[in-house]
Amino acid sequence: MLLHIPEVLNGQELATLRETLAGADWQDGAATAGAQAVRVKQNLQLPAGAPDARPMGELVKAALLRHPLFQSAALPHTVLTPRFNRYEGGGHYGNHVDSAIHADPFLGVSVRTDVSTTVFLNDPEDYDGGELIVEDTYGVHEVKLPAGDAILYPATSLHRVESVTRGTRLASFLWTQSRVRDDARRGMLFQLDMTILSLRGKLADAPEVVALTGHYHNLLRQWADA
């Protein structure tokens, strides 16, 4: 499931992040890439040890966790502290699949990466290129969203970032271990949840709505890891 989540970050949060990142000490993104990805990764990344890395990551994480669409679609068990990257001057990231396990230096845990999320920090007009391309069983999807919006997709997806030929592309990225590891099951639960919310707006707590809600929770109970 690939999902556009609008308005994750508000204007003040975006301004704070952009101002802090403008003075950041970036490093070569290849330093954090795996054996396959290092050959195709040409970007800059904020080191985990940077002074503002954790507070900025926590700001993005809190914004996602308060967004109902993220909660419904990701069903988060553990959200890794968000990181930050920068593309400019031809920077790009070729086709790759994210590593199955990632460690969080701040939380002191390693998690299974079920869901990948990118939060865009500047507007599409600020740069040329830089599209996130996600390939799945339904085809090839090109993503370039307004500042503050996020895209959520399965971490199993083959994906890339096209070359940035003008300007600078800033983004935050993160992984989530979901309570439901299978993407198809997460997608079904998400659609059922959205249907229940729509029906509740029309029928309030009619018996049919209560019954569907019960089915949702019984499926979640059956499929959830914990």
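Placement of Cβ uses the backbone N, Cα and C atoms for every residue, glycine included.
These come from Swiss-Prot:
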BINDING   His96, Asp98, His159  Fe cation binding site
BINDING   Arg169  2-oxoglutarate binding site
DOMAIN    78-178  domain 'Fe2OG dioxygenase'
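Other than the site residues His96, Asp98, His159, same-chain residues with C-beta atoms no more than 8 angstroms from the centre of those residues' C-beta atoms, the Fe cation site, are Ala37, Tyr93, Asn95, Val97, Ser116, Ala155, Ser157, Leu158, Arg160. Counted within 10 Å of its Cβ, the other Cβ atoms near Asp98 (Fe cation binding site) come to 19, all protein chains included. Secondary structure at His159 (Fe cation binding site), taken from DSSP and collapsed to helix, strand or coil, is strand. The shortest Cα-Cα distance from Arg169 (2-oxoglutarate binding site) to any of the binding-site residues (His96, Asp98, His159) is found for His159. Cβ contacts within 10 Å of Arg169 (2-oxoglutarate binding site), excluding its own Cβ and spanning all protein chains shown: 26.
Compared over the binding-site residues His96, His159, the count of CB atoms lying within 10 A of a residue's CB peaks at His159. Mapped onto DSSP classes, the domain 'Fe2OG dioxygenase' (78-178) shows 3 helix, 64 strand, 34 coil.
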